[in-house]
Amino acid sequence: MAELENRKQFAQMLAPGVKTLKLHPDYKVRRKKNEKTGQSYIDKIALQLGVSPNTIKSWIGQMGANYIPGRIDDGKLFGMIWIILEKTDLDIEWLTDLLEATTIPVIKPALPVWAASCLKKAKILRKDGLFGAPSEGEIENVVKRLFHDRPGQETNALTEQPITHNLPSRWSGRFIGRSFDMEAIRQWMLSPSPVCLITGWAGMGKTTIALEAAYSCVDDTSVWPAFNSIIWVSADWKGLSFSDFLNTIAYQLGRKEQIDKSINVKRFVVRNALANYTREKPILLIVDSIDTAERDIHEFITSLPQGVKVLLTARENVKQTYRESFGEMTAIQLSGLDQTDAHEFFQQEVHHCLQTCNLPRKREKLEQLLHLSSDLKNEFISATAGNPKAMALSIAYMSDDDIPAQQLIHELGKAGYSLLELFEFLFGRTWDRCNEDTRKLWQTLCFFSKPPDEKSLAAAAGLDARRFHYAMEQMRSYALIQPERSQGRTQYLAHQTVVAYGEQHLSEQHEYEKEARNRWAHYYIDYAETHLKREQPNSIYWSYLLGRNLDQMKQEWPNILKVIQWASETEQKEILIELITRISHFLSRINLPLRIEYGRKAADAAHHLGQHTREAYFRIDTSGWALMEVNDLDGALQQIEAGLKILEQSDAHDAYDLKVWGHALKARLFLKDGQQEKAETILNEIENQPISPTIQHRVLLVRGDLSFARGYHVEAIQLYEAANEISSTYGGEKTIEAYFNLGVAYVKCDQFEKAEEAFEQMLYDKHNANQVELIYYHYGMAQLLYRKGEKTKAVESNQKAIRLIDSWEPAIGIRGEVERLARATKENE
């Protein structure tokens, strides 16, 4: 029994760990409709430990200080500790601090062997239905996580330090005014208050001041507080999904492997990563335009760990949403610039227009604006309510309008517009002065998930390069858009009020919207064609087998995905089919669940249009192959057989080839299921069939798998080598399966140099390999090292593979093999 020497301290240390489990998907409570009570997360933990829920509540002080026990059974205590350390990001310091409140001996600084010995005492309900200690492999995984960053411990190749910040570029060269508001933000950063909300009308500069405050923390650490990381998330472009929100945070914290995970897993991991990184210094999380974001984002913010400071901007006042959760929060209501700052902003904006203008008449009008009387400037500032965006739009309008500036200022003053009416007036007058091409650009801005570049925006609007640049120059001169140079190309950023006004006009132009969306979609079809299509093989589907440089596709992926989603939602079947045909193989390295989802939708679309061969491709390879990769063998078999049935009625050129591949895939599926005889029967039936090199390559790989499964390793090597030689006739594939299986076969034959060479063939760029490549590489090297007798290195390499599997796709088919090797290395120690 463990005696609790300091019961209060023990409860205070244990409680946060237990409560953190409440958010974990394994313990999250799901009550049925109209059900008054249900199993709580503590009930689930209690079941796993074999104690009552009240026992756990007493341990964490939830029933009062008098009910905290004086002693706890070692197995139960370490069982509780095991669950917390396995499911959360709590570190070794938490464990030592907790145990110091007991009579259990503590080694400081902690050592891996000591931590492992503690966890071996845990008694939990295991998967086999018996109470006992976790497996050796499970304990080793947790211990490696606890000590991964200690000197002498090799770190995971994919573990990254948090990026300092991801702030966008400043919109203006010099920030003017707002000294009182800036000081209020600085004081909030230094205070215990977790949330600061900046509200104000559109165009007041909420984004600008939030950005300036963030840059102040980066540039001037002597006055502004230092943060471990500053994370900027913007909902400005067409709203912000919860998944995008979590992805951004995960990426900035060096957890990019979480990007393709389920929402529940990602939510839990991201929250714990935030807690982990805030132990030394706080993190500043800035969410721009929070009022347009999904409700889940609001809920996530209200449960952030201590040490995360959240700066929000919103047009609407959402104070009540957060006040109920935080009690104390800082709220800053931005009003217009004061007279002095507004005068300075006026001068700066006019000078900026002069620098970008080379038209004599327009320059003359701008010069006149510089010399307006103070009274006229004051009248102008009053009419625009000191709103920076309204002032910029007005200056751009006055410099181009035939009406004298003085007259327009008087008209604005007399009209007494509200700010909303003023924007309508300014956008309306600006719209009237825009030429047709500029209006086209303006209306198509709303198509994009991320700011477009010249080619995509021009294509959507239907403009050639000359007309695009003329229209873009007009948009710039009217202060509607801001070019930003990033990653070697120019993107065009627009304020959300500008995008919304263009979308409003687009909704009234049904014919133009139809044409523009069609151009937009076909631009991205052509984009995928350009960046994915190979010269060989010549096929409607196999031509898009992956090359190796996917940077261009990844840059535009958010916008491509938006086209796919639009095509699916609006039943643009032809467009969906063309896109999925091109990106199916790309999705195998980006997101297998998306490949499955849209592969099925594309198959349904092809079925509706009578495109039988395309439907078969989508069912057999796009969906069937991917389902097999995530170990859904029943789902894979269903799709493959549906595709084969379709091909019975097709005499298309590709149909025979695809039919052979469908049968070979079935054989591969039976091999995965341990049914070697069924697999062999199918392979014998399709033997010596006249097929293309692309399919021949794949069939030989499956034949190699059968030989390998039967222990005929030399024969397997011959088949794998033959498959790779055939693929070289059409440019090669360098598929992971081909080189991984070849490498393992060489390991079995003790040809270690050739094995290592084969494994390295999977990594096109060793320094920038993706997760799935690294999973197979580390597992292959683990087998090689184990065969050579280098047991310690083998275990380390295998653990890397397991960690990558957990973070990329836990259901990936190879997982069982990797775990079997982990058990084998333990048994032979």
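The backbone N, Cα and C atoms fix where each Cβ goes, and this holds for glycine too.
Listed ranges 42-61, 62-81, 262-281, 802-821; the one Swiss-Prot annotates as DNA-binding region is 42-61.
Of all the binding-site residues listed here (A202, M204), the one with the fewest other CB atoms within 10 A of its own CB is A202. In terms of DSSP helix, strand and coil, the DNA-binding region (42-61) has 15 helix, 0 strand, 5 coil. The secondary structure of G205 (ATP binding site), as reduced to three states from DSSP, is coil rather than helix or strand. Long-range neighbours of the DNA-binding region (42-61) within the same chain, counting only residues 6 or more positions beyond its ends whose Cβ lies under 8 Å from a Cβ of the stretch, are 8, 10-12, 14-15, 18-19, 21, 26-27, 67-69, 72, 76, 79-80, 83, 123-125, 131. Apart from the site residues G200, W201, A202, G203, M204, G205, K206, T207, the chain places the Cβ of T313, R315, L334, N387, P388, K389 no farther than 8 Å from the centroid of the site's Cβ atoms, the recorded ATP location. There are 27 other CB atoms within 10 A of the CB of G205 (ATP binding site), with all protein chains counted.
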